[in-house]
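Quick look at what TrEMBL lists:
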type: ACT_SITE; residues: B:Asp64; note: active site, proton acceptor
type: BINDING; residues: B:His60, B:His62, B:His140, B:Asp210; note: Zn(2+) 1 binding site
type: BINDING; residues: B:Asp64, B:His65, B:Asp210, B:His268; note: Zn(2+) 2 binding site
Protein chains: 2
Amino acid sequence: MKLTILGCFSATPRTDTNPTAQVLEIKNHLFLIDCGEGTQVELRRNKIKFARIKHIFISHLHGDHFFGLVGLISTFRLLTRETELHIYGPKGLKDIITLQMKLSESWTNYPLIFHELTSNQSEIIFEDDKVEVHTIPLSHRIYTNGFLFKEKPGERKLDMNAVLNANIDVAYYRKLKQGFDVYDNSGQLLENKALTKAPVKPKSYAFCSDTAYSEAIVPIIRGADVLYHESTFLEKHAHLAKPTKHSTAKQAASIAKQAEVGKLLLGHYSTRYKNLKDFQLEAQTVFESVELAQDGKEFTF
Amino acid sequence: MKLTILGCFSATPRTDTNPTAQVLEIKNHLFLIDCGEGTQVELRRNKIKFARIKHIFISHLHGDHFFGLVGLISTFRLLTRETELHIYGPKGLKDIITLQMKLSESWTNYPLIFHELTSNQSEIIFEDDKVEVHTIPLSHRIYTNGFLFKEKPGERKLDMNAVLNANIDVAYYRKLKQGFDVYDNSGQLLENKALTKAPVKPKSYAFCSDTAYSEAIVPIIRGADVLYHESTFLEKHAHLAKPTKHSTAKQAASIAKQAEVGKLLLGHYSTRYKNLKDFQLEAQTVFESVELAQDGKEFTF
């Protein structure tokens, strides 16, 4: 599971920081999460192949999280994309994009499929045989979802020494991987766990931006390997976090601790702060395993 | 008259080029012309004060000319702007911007005034005592206007030696500057041109992007000091220019020659070309005074 941070700063534009966008590589999928202005250029800068992006998840309709989407959709058209593109985001996003395509007379030459979200309950919005994606209803000024990306458990691994010793027909290997007990050539039932090893533990990534401190998300993200939780402010500006419905680094850490996640990744920093290290130090007073998202940084989990 | 090129490349995104946006400083106005994605960051990079921009002119609704507008409008709001912002552009632009403000619940805290354009005839869309702005109907795939920015003739300059010699009362100075004849203290009528000098010749700038080769614009832009004319292609790709309704460098030069402009500025280059010098060389086979627009370049006329 590899995460590339294209941008992790809040809205005010600067020449050296980008608004929110991330690419999550998980089980051969390349999921784009949020798409602030300039994301298409950051994808180029990070040498991410446009054609591999087939699913884009938009948390909410504040500009720093989606103003780059229409440009990316247009560019895909210019590059004569043919592959389907699925977009998951709040109701209204389809209207915004289609109005612009209509007025520019620039309909896509590839299927563009919107999955508009309206529920205030966590729901599965994408699923295939390897991955599922759940929404994480967040508490922000407008309708906002985080996203939980979960690998499905893989198949069990054959313990080839045990399998060969037990003289099991190749035809049964598939059953073994799926966890079933099998019969050997003499007709004796053999227990699966004597012949196989547990699959690699499936990984999960929770993306939570933007949100006020909200314990309601804890049950949804519990045990995630990595939690990206916004920390727009430090505690000394908690009075700004509250009315804007953002979080402090300490609040993000408190959520990480309650949810018993493996690692906390901070981001969506207000551009008022010069030293990001302060975010990490503040969060670590509550939860130890904290890293700082930074534009252009790659994390492999 | 100072022109800053924020971006002058066509649509395909690259890490080292920007889509169309320019800032024209003329008679204390700072006019933003087109606003491709990322323009707000380029404004920052070129240290142009956001608050000085009060008028934005959008040529057409292809993304590489306006996808940065909504972000800029949002940023003005975040920066608690109070000054009016006037936007001139094709009908539909207001719908695009207001839909996004509505869905993000982010109405501006400053007056945002749209002047939507629908005419296919050149018209005056802005005028004050020093400057007027005319549309230049262009020939592109969708409704498109270029813009002609014209200084109005200034007042005549007093020839102070002559004025003092003629012993003219200070009360008449204003009349003299306005071109009127005046009476001296003895009641004799004195001719204005014996007492004043002609004002500095007013300057003009014509912005023409995007457009096919169109001689219809020649009468509108005739005698402009500077003509920015798109040259998306070189002549060797004229077969691409025609269906996409773009121009070649040679065609741009032909328009410059017919319109007897002072200087031709080329831009809106397709990103397929490595060497921009070829555009200048091609245009100079037809018209001598040619310069190349380049991102971040300033021209003072």
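The backbone N, Cα and C atoms fix where each Cβ goes, glycine too.
Note: TrEMBL annotation is automatic and uncurated.
Locations of recorded TrEMBL features on the structure.
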residue	record	Cβ neighbours (10 Å)
B:His60	Zn(2+) 1 binding site	25
B:His62	Zn(2+) 1 binding site	24
B:Asp64	active site, proton acceptor	28
B:His65	Zn(2+) 2 binding site	29
B:His140	Zn(2+) 1 binding site	21
B:Asp210	Zn(2+) 1 binding site	27
B:His268	Zn(2+) 2 binding site	28
Cβ under 8 Å to chain A, applied to binding-site residues B:His62, B:His65, B:His268: B:His62
Cβ within 8 Å of the mean position of the Cβ atoms of B:Asp64, B:His65, B:Asp210, B:His268: remaining residues of the chain near Zn(2+) 2: B:Ser10, B:Ala11, B:Pro19, B:Thr20, B:Asp34, B:Gly36, B:Ser59, B:His60, B:His62, B:Ser209, B:Glu230
Secondary structure at B:His140 (Zn(2+) 1 binding site), reduced by DSSP to three states: coil
Rounded Cα-Cα span from B:His268 (Zn(2+) 2 binding site) to B:Asp64 (active site, proton acceptor), Å: 10
Spatial separation of B:His268 (Zn(2+) 2 binding site) from B:Asp210 (Zn(2+) 1 binding site) - C-alpha basis, Å: 8
Euclidean distance between Cα atoms of B:His140 (Zn(2+) 1 binding site) and B:His65 (Zn(2+) 2 binding site), Å: 13
Alpha-carbon spacing, B:His62 (Zn(2+) 1 binding site) to B:His268 (Zn(2+) 2 binding site), which is rounded to whole Å: 13
Residues close to Zn(2+) 1 site centre defined by B:His60, B:His62, B:His140, B:Asp210, Cβ within 8 Å: B:Ser59, B:Leu61, B:His65, B:Leu138, B:Arg141, B:Ile142, B:Thr144, B:Ser209, B:Thr211, B:Lys245
Distance from B:His140 (Zn(2+) 1 binding site) back to B:His268 (Zn(2+) 2 binding site), taken between C-alpha atoms, in Å: 14
